[in-house]
Amino acid sequence: MASRVILLSGLVALIVNAALALDNNPILDFCVADTKNTVLVNGYVCKDPKTVQAEDFYASGFHIPTNTSNQLGFNALPATAAQIPGLNTFGISAARIDYAPGGIIPPHSHPRATEILIVLEGSQLEVGFVTSNPENRHITKVIGKGDVFVFPVGLIHYQRNNGSQPASGIVAFSSQNPGVHTVANVVFGSNPEIATDILAKAFQVDNNVINQIKSHF
Ligand SMILES: *[C@@H]1O[C@H](CO)[C@@H](O)[C@H](O)[C@H]1NC(C)=O
Ligand SMILES: *[C@@H]1O[C@H](CO)[C@@H](O)[C@H](O)[C@H]1NC(C)=O
């Protein structure tokens, strides 16, 4: 009886573990992405290991601020498996983020990754995320240079540079391809669009309010 309980809890632990392991575990030293291969797999097909070079594991320019002259006032330089082929199958990626004064990264989620943000410059970076239903608890803080903040996998989060100077940071993700769902674009800018009356009911407003928002996406 006791051994059955142990076996059962072992199985449950395995299943739970599998459910939490988002990117698959590597089974080779490396599987450098052959980004030109048209075969569709979960990730990228491996290049012939004999042709792999140091450049496959390399990127540069992450010390240079990106251009934040855009509507939202932020920009990002990604370092995912799409840019660094050697990241394929390793469950990790990163990005440089720049924020103009007043710039925001609008509410969004990464379906496949927890994110950790390390602030390089800035003194008034508002960060926050919201927990699942039914609590919908808003966890938020103002952080600055040298501070670190974590955004749990899948949860909707945002950032705003409330300072008068540009801010920047490096983020790392627990996926080679974290994915991004930007709430406004997903809800109001999908293609084809979600029916206006569905959104009107969901947001408890008139159709014309929904149509007005849709017209911006
Ligand atoms: C930044 O982007 C804006 C808008 O696209 C452009 O007009 C401007 O020339 C860019 N600045 C630099 C330094 O590249
Ligand atoms: C943002 O900046 C304004 C002006 O300095 C300040 O009044 C406000 O409290 C700041 N917001 C946060 C969340 O710190």
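Every residue, even glycine, has its Cβ placed from backbone N, Cα and C.
The annotation signal peptide is assigned in TrEMBL to 1-21.
Residues annotated as disulfide bond in TrEMBL: Cys31-Cys46. Residues within less than 8 Å, Cβ to Cβ, of Cys46 (disulfide bond) and separated from it by at least 6 positions along the same chain comprise Leu28, Phe30, Cys31, Val32, Ala33, Asp34, Asn88.
Per TrEMBL, domain 'Cupin type-1' is recorded for 60-211.
The Mn(2+) binding site annotation in TrEMBL covers His108, His110, Glu115, His157. In sequence order, Pro107, His108, Ser109, Glu115, Val127, Gly128, Phe129, Val130, Phe151 make up the list of same-chain residues 6 or more apart from His157 (Mn(2+) binding site) whose Cβ falls under 8 Å from its Cβ. Reduced to three states, the DSSP call for His157 (Mn(2+) binding site) is strand.
Per TrEMBL, oxalate binding site is recorded for His110, Glu115. DSSP assigns Glu115 (Mn(2+) binding site) to a strand segment in the three-state reduction.
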Inset, instruction - Check each residue in the chain of His110 (Mn(2+) binding site) that is at least six apart in sequence and keep those whose C-beta is under 8 Å from its C-beta; list them in sequence order. - result: Phe151, Val153, Gly154, Phe173, Ser175, Pro178, Gly179, Val180, His181
Inset, instruction - Let me know how many other Cβ atoms fall within 10 Å of the Cβ of Glu115 (Mn(2+) binding site). - result: 23
Inset, instruction - Indicate the candidate from Cys31, His108 with the smallest number of other Cβ atoms within 10 Å of its Cβ, considering only these recorded positions. - result: His108
